[in-house]
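Asker: Once you've had a glance at the structure underneath, I'll fire off some questions.
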Amino acid sequence: MAKAPTSRRRSVARDQDFLVRGDESRAAKASGVSRSPESRPEHLDIKISTDDSTALEALFDEKLETSLLLKFDTFLKGLESRMDVLEDFSANKASQIDESIHNAVLAFEQIKEKVLTKTTDQKKKMEQFMHVIENNFNDFADWDTDSWDTESWTSQFSEVQKHLEQRLVEIEEAVKQGADELLHKATQAALEAAKKGLITINELPEVHRDNPYIIRGYRFYGKYSDCAKSVVTLHNETCNIWTHLGGFFVMLFLAFFHYPKTVSWEKSSLMDNMCMIVFLVAAMKCLVCSSIWHTFNSICWIEHRKKFACVDYTGITVLICASILTTEYTAFYCNPTMQTVYMTLTAFFGITGVFLSWDPKFDDPKNRHWRILFFVSFAVAGATSFIHNTLLHGVSNTLAFYLPVVPSLASYAAGVIFYSFLIPERWCPGGVFDYFGMSHNLWHIFVFGGIFYHYTATVKLLETAHSYACVA
């Protein structure tokens, strides 16, 4: 960058002279003698050479430049993370947007093309950046960027930051306004089409689309009563509703008719039975929440739809938490201290997961893989108590104790594969899988399998908990 102007060099020299005179004055006061400039000792008549002054000035410039470039780099990273709004703006054709905002978008596109992707040299990036600003924004049109020095760049950079931030906010607001208009029009068109029956994915507003391989059989209602009535009609969510609604009734039967007749029930204490009851309630809650989501995800109001998705995620979170709690309760049956520690931590993570489930970003289709990772990670967290028990009771004994849980884990794992990779509809979009046998149907079946097998495993764990955990 260009050298600092002469006026600033003189200022630096004055500051240096001021420091020297200050040292002299303090020395005189310390000795109790008042000295005039003429009587000043020769060893105090210190002068800074031209070379020293230039070196200090160069050091000052270097530090100032480094600070500026670091600030600029941080700014660019923040700017780059918000550049997606430009794509949204280009796709938005609905709203009447001010011409100045269009011009700002063009300027940001130039920044993206010429600054963010062209070079890794920070100085060149900054020079190119300021040229773009000078050429595209009237507020900075009279700048002469070619003659700027480091000090000038520093003093003006904050002004540029504030201006660009304001323009970005205006663009984001314009995009939101346009997106709202587009969504309203798409919603009205879909409601009109749905009056004639089921609609296709292309007639569905984009924010309501979850699976690009399911083409037909979509409902779209403006009334909750219509959503509820659809439980007994055929559409692409019918199997999803009934695989878990039917599963709920099976678990209800197990809770009231099967478990009370088992040996585990007869020999169990009140706390043992409470452990099983917590799991059964969590399982039934998960199945009901899932059915509610698949019944009401056809509501036209997107914010309401997101809330129903959160109901589903909450059910899954509570089920995972309760399943882990049953294994921790039985594995540390005769170690109440560790039992309390592990179960408290699991409950804490479960509660955290419930709150996380209600975060709007959690339901974003773009975050699908993060949702899967969260639930899988939560389940894997239960492996900690398994490892601990291998240290306490040996690997073979611990494996034998946990063996009844394996079918449940295998069922969940198989379901995750189908759900994650959208198998089999990705191989035959628009076919029979629109209604029967899609990945989500299979996911539901495997989830119910995981619940059922964990129920049978818990019965077995309660029966063997004392003989496993209480042996010294």
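Even glycines carry a Cβ here, placed using N, Cα and C.
Please treat TrEMBL annotations as automatic predictions, because they have not gone through curation.
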Asker: Determine which of His258, His294, His304, His369 appears in TrEMBL for the same Zn(2+) site as His440, His444.
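Answerer: Among the candidates, TrEMBL records only His294 at this Zn(2+) site.
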Asker: Between 241-259, 271-293, 313-334, 399-422, who has the most Cβ pairs under 8 Å to the transmembrane segment (370-387)?
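Answerer: Most contacts with the transmembrane segment (370-387): 313-334.
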Asker: Short question: which residues 6 or more past the ends of the transmembrane segment (442-462) have a Cβ under 8 Å from it?
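Answerer: For the transmembrane segment (442-462), the nonlocal Cβ contacts are 239-240, 243-244, 247, 250-251, 254, 259, 262, 264, 268, 272, 275-276, 279-280, 283, 286-287, 290, 319, 323, 326-327, 330-331, 401, 404-405, 407-409, 411-412, 414-416, 418-419, 423.
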Asker: Could you name the stretch, out of 271-293, 341-358, 399-422, with the greatest number of CB pairs under 8 A to the transmembrane segment (313-334)?
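Answerer: If we count Cβ pairs closer than 8 Å to the transmembrane segment (313-334), 271-293 scores highest.
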Asker: Quick check: in three-state DSSP terms, what is His294 (Zn(2+) binding site)?
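Answerer: Going by the DSSP assignment, His294 (Zn(2+) binding site) falls within a helical segment, counted as helix.
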Asker: Judged by the number of other CB atoms within 10 angstroms, which among His294, His440, His444 is the least packed of the binding-site residues?
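Answerer: Across His294, His440, His444, these binding-site residues, the one with fewest Cβ atoms within 10 Å is His440.
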Asker: Relative to the mean position of the Cβ atoms of His294, His440, His444, the recorded Zn(2+) site, which additional same-chain residues have Cβ within 8 Å?
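Answerer: My list of surrounding residues reads Glu237, Cys239, Asn240, Ile241, Thr243, His244, Ser290, Asn441, Trp443.
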